[in-house]
Amino acid sequence: PGELEYYRHFCVPEFKNLQKAPIQVLKDKECPAVIIPSTPLARRCFPAIRAKKGVIMVGNETTYNDGHGHWRNVTELLEGAKKANVVLETRQLAMKIFEDYTVSWYWIIIGLVIAMVASFIFIVLLRFLAGIMVWVMIVMVILVLGYGIFHCYMEYAKLKGEAGSDISLTDLGFQTDLRVYLHLRQTWLAFMIILCIVEVVIILLLIFLRKRILIAIALIKEASRAVGHIMMSLLFPLCTFFLLCLCIAYWASTAVFLSTSNEAVYKVFNETACQFSGQTCKPETFNTSNVTKLCPDAQCLFAFYGGETAYHKYLIVLQFFNVFMFFWLANFVIALGQVTLAGAFASYYWAFKKPDDMPAFPLFSAFGRALRYHTGSIAFGSLILAIVQVIRVTLEYLDHRLKAADNKFAKFLLSCLKCCFWCLEKFIKFLNRNAYIMIAVYGTNFCTSARNAFCLLMRNIIRVAVLDKVTDFLFFLGKLLIVGSVGILAFFFFTQRIKLVQDTAPPLNYYWVPILTVIVGSYLIAHGFFSVYGMCVDTLFLCFCEDLERNDGSPERPYYMS
């Protein structure tokens, strides 16, 4: 009985009778016949393998029963142990990374502050350097293409008279080694013609679009002035980020609660025919029920985690609803940020005397207006986007499930649908962004604002295209400059290659941990700053187009633009 008290920990939950004969306990399969010495690893029981005088053992044995009547050698367990080592190695890696963070966190913060200052300086300098940067880049593109044409001509001339260089591309056919084509005159002639066409197209575009490029540059400069007058706008992404974190936390906690709301389901298992086989049971009351009388060999054993109620059956529907609500809330938060920034920058544009006619706290005033008057419009716009995003997630899920299937038509149809909904999501995001600007300016409802914004953009489609490309180029250049410079500085510092601060750099297990953190953090900071700047440019552009249509620059109807 003393030993049985210890063994009871390994028995089925309903085993209570300690006076029962051990042989009967084993016959009833209530307790295990043998217990292998084991050790815990990642909440699982592994055989306690140890080496004694070079011999691999479990306990004091070199063989063990696998539970199917076969005796196996302990060395066979080593393969399983090797796989288990991955868990331990991953844990050690995580510990080393954590150590690196503990000794380098303040240097990481310094790196991120440098990125923040660099982003701010870049935005301020755009007021003075936007025009120079754009024209220098355009001239560089023309010169590079010109050099490309010259190089192709020189290669074409050099191959004249060489054996095999006059073979046509059609006669040669397709070759896996692409270097073969570089020995043909026709290849260089084709390159030269393509580059000449691109060069001529770019020069013609510059001639016809020069005024629009100048307007785009002027808008970017004006946006820099607007941000300078509303400095708090640069910190507003932190508010949006905080609200998004709340949305993510709420979605994740709800998803976890739903996933873990299942109950342990026990079912009747037996070796002979029994009418109760497969039915659910309760281990606490099983021994006193009729089942054990009618089916003496029946057992109440754990089957799975789940549930038989309507709630458990529709759990997947609740998870789907949770995902949908997450998209809706996340889009609502982003839209609230866009309406607030658009309202603040619109108050700058429509102030006749800048900045004297602006409200005292433009950002807070815009935020208050957005919450008080435009919550419904923001919710409606984000709902449309959320529906499209949920459809995209569903299509991705179906695509994942159909990967094993060999239905070519279904895969083709899914690919087409995924492509269409991706395009639709991009278009709705673009339309929503401009609709929110019109909401912030005029206070009209979502549908009216979306229609007015779309029509206004269509009437100025060439200006839209030019401005979009010019701002995209400047933002790309800014991000590349900030992330690249801060990343290189972090690399030289953490690898102790800067002699002045060589002794200051902390000792690290993996120097790439703080470097990657600084690079990713710098990108996020630069993206946050430029997202505000981008919203400012878009708002001023729509206000500019509206100003041109409403006013003519006369004393009766003066322009609001500088």
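Heads up, the Cβ atoms here are built off N, Cα and C, so glycines get one too.
Caution: TrEMBL annotation is automatic and unverified by curators.
Going by TrEMBL, these are the annotated features:
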TRANSMEM  105-125  transmembrane segment
TRANSMEM  132-150  transmembrane segment
TRANSMEM  188-209  transmembrane segment
TRANSMEM  230-252  transmembrane segment
TRANSMEM  325-350  transmembrane segment
TRANSMEM  371-391  transmembrane segment
TRANSMEM  435-458  transmembrane segment
TRANSMEM  470-494  transmembrane segment
TRANSMEM  510-530  transmembrane segment
Who are the chain neighbours of the transmembrane segment (105-125) in space, where the CB to CB distance is under 8 Å and they lie at least 6 residues beyond its ends? 224, 227-228, 234, 478, 481-483, 485-486, 489-490, 493-494, 505-506, 514, 517-518, 521-522, 525-526, 529-530, 533
Tell me if the transmembrane segment (325-350) touches the transmembrane segment (510-530). I count contact as 3 or more CB pairs below 8 A, with pairs 6 or more residues apart. no
Pairs of Cβ atoms less than 8 Å apart decide it: which stretch in 132-150, 230-252, 325-350 has the most with the transmembrane segment (470-494)? 132-150
If one takes Cβ-Cβ under 8 Å and requires six or more residues beyond its ends, the residues near the transmembrane segment (132-150) are 126, 191-192, 195-196, 198-199, 202-203, 206, 213, 216-217, 470, 473-474, 477
